[in-house]
């Protein structure tokens with residue numbers, strides 16, 4: 001634990017100089033929630049980790065908490081009398097997917113804990129190459145934005161939970177399972193959004209560098225790199241782009257299955273909510289008398305889905321722009337070395 005403890009003061013150190021100084025708070029957040037049951041070994045920039053007895057014990061504790069609350073949710077918690085059976089089924093299925101997501105995430109990230117930390121190690125390597133090309137990574141601004149996004153997310157979640165309890169009412173066990181399941185959903189959306197932002201921010205930085213350095217020479221189809229060796233610079237662009245593609249695969253490897261389960265659960269809840277509203281109106285009730293809590297949670301699940309889609313779409317859009325810029329640089333070259341590099345990439 002010494003490496004982890006030594007890194008804690010970096011949380012309030014400013015300005016931030018690299019990705020590790022930005023992500024140490026995120027790592028501790030993952031660790032507390034059971035998503036990073038490993039310890040930092042040595043210096044942060046070394047990228048070395050180890051799994052101690054404390055880490056293994058914490059993994060078992062987190063696993064036991066999830067299984068216990070999941071069991072209570074299934075066997076103890078009863079449907080409130082003022083909630084329709086349809087919405088109750090939808091809520092139970094949503095909670096089921098939330099617990100399944102957490103259980104899967106804790107086990108998956110423990111089995112592949114080296115993969116989780118390798119995301120930040122590889123981001124650090126990409127950053128060194130981008131900085132060498134003159135990119136500005138805005139570490140301090142990124143760190144403050146990450147903290148702000150996380151705080152807003154969980155304050156919003158807290159307000160929703162308190163409002164729901166005041167509207168519907170819960171006993172202690174009911175509130176515990178309800179709070180944990182919905183907090184786990186917000187936690188996953190936050191973690192995935194931050195991991196995805198690591199990729200799209202670097203795609204944006206690479207695009208900015210290429211747009212700054214690439215210039216047209218008379219013929220629009222002929223370009224050159226301003227003040228730099230063309231072949232060497234294009235090679236760097238291609239290497240960075242390949243590494244960013246690998247980072248995207250790492251994010252998907254760590255979190256895509258959990259995201260898919262959560263999105264599926266959200267759609268199921270929204271489907272039951274839609275049918276519940278239709279039946280409520282068909283019974284000659286006013287739509288304004290429908291459960292406010294159910295409406296608010298439906299909006300929350302829709303927002304979660306939209307945020308997940310927005311992160312993926314941003315990475316896809318910026319990745320396409322990067323590929324177009326690199327292809328444009330390659331197409332304008334008749335250099336044998338560039339042609340050979342392209343041949344190797346397509347084999």
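Every residue gets a Cβ built from N, Cα and C, even glycine.
Taken from TrEMBL as is:
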TRANSMEM  24-45  transmembrane segment
TRANSMEM  57-77  transmembrane segment
TRANSMEM  89-111  transmembrane segment
TRANSMEM  143-163  transmembrane segment
TRANSMEM  183-205  transmembrane segment
TRANSMEM  259-281  transmembrane segment
TRANSMEM  293-315  transmembrane segment
Per the definition of 3+ C-beta pairs under 8 A with sequence separation of 6 or more, do the transmembrane segment (143-163) and the transmembrane segment (259-281) touch?
no
Using a cut-off of under 8 Å between C-beta atoms, tell me which stretch among 24-45, 89-111, 293-315 contacts the transmembrane segment (57-77) the most.
89-111
Report the listed stretch (24-45, 89-111, 183-205, 293-315) having the maximum count of Cβ pairs within less than 8 Å of the transmembrane segment (259-281).
89-111
